[in-house]
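Among the features that TrEMBL reports, domain 'Phosphoribosyl-AMP cyclohydrolase' is placed at A:35-108. Residues or ranges marked as Mg(2+) binding site by TrEMBL: A:Asp82, A:Asp84, A:Asp86. Annotated Zn(2+) binding site per TrEMBL: A:Cys83, A:Cys99, A:Cys106, in sequence order.
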Number of protein chains: 2
Amino acid sequence: MTDARDKGLTLNPKYDDHGLITAVVTDVDSGEVLMVAHMNAQALALTVETGLAHFWSRSRQALWKKGETSGNMLAVRDIRIDCDQDAVWVKAVPAGPTCHTGARSCFFRRVGRDGLSLVD
Amino acid sequence: MTDARDKGLTLNPKYDDHGLITAVVTDVDSGEVLMVAHMNAQALALTVETGLAHFWSRSRQALWKKGETSGNMLAVRDIRIDCDQDAVWVKAVPAGPTCHTGARSCFFRRVGRDGLSLVD
């Protein structure tokens with residue numbers, strides 16, 4: 001890790017071998033983690049420019065404007081980047097359920113010593 | 001994605017080619033995202049069993065008990081897993097600054113149209 005990347009004010013994302021960084025989306029009001037996905041440079045730029053969360057779909061290998069088909073877009077209120085610039089934290093207002101299962105958050109199951117259990 | 005992995009109550013993490021899943025840690029009180037790191041199966045098991053966050057350090061290629069050297073451990077209050085089981089959300093009580101830079105959170109810079117700016 002370099003001091004410039006870790007502490008400086010120049011955006012210099014550390015993309016992985018696939019050209020991606022991790023993106024964590026939280027609900028700006030509840031603080032709940034809604035989803036974790038990935039962004040390439042184009043998705044990050046579009047997210048900053050449009051105020052709507054864009055990702056790179058690893059399964060479809062395509063740019064993914066969240067909510068383009070479901071309508072459940074994520075209106076971005078704040079974007080932060082971490083020390084080594086390989087992850088961003090997006091605070092957003094979700095237009096509807098974020099998860100493809102219909103759950104508000106993709107994190108609808110608790111991990112315990114005895115396996116998983118539903119939350120909410 | 002399979003229905004069993006996406007909606008069922010069996011823990012079946014979808015590890016990547018390096019045997020890792022993504023781990024997002026938030027402050028259980030403030031909701032702030034403190035850090036994003038990775039876990040292998042051993043790190044996840046130790047986190048569940050001990051109640052202290054463990055990760056896999058990609059840079060050191062070693063198991064990493066967060067705070068082992070700095071003392072800034074993360075006491076786990078809740079662990080959740082996402083729909084496709086390739087990411088966990090850990091809610092924790094941090095013993096001190098989480099970031100190696102000394103910041104409370106690794107996400108201490110905002111991404112804007114004109115680059116980065118410090119928050120807090």
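Glycine too: its Cβ is placed from the backbone N, Cα and C atoms.
DSSP gives A:Asp84 (Mg(2+) binding site) a coil state; it is part of no helix or strand. Highest local Cβ density among the binding-site residues A:Cys83, A:Cys99, A:Cys106 belongs to A:Cys106, counted as other Cβ atoms within 10 Å over all protein chains shown. Cβ contacts within 10 Å of A:Asp84 (Mg(2+) binding site), excluding its own Cβ and spanning all protein chains shown: 19.
Considering only the binding-site residues A:Asp82, A:Asp86, the Cβ with the fewest other Cβ atoms within 10 Å is that of A:Asp86.
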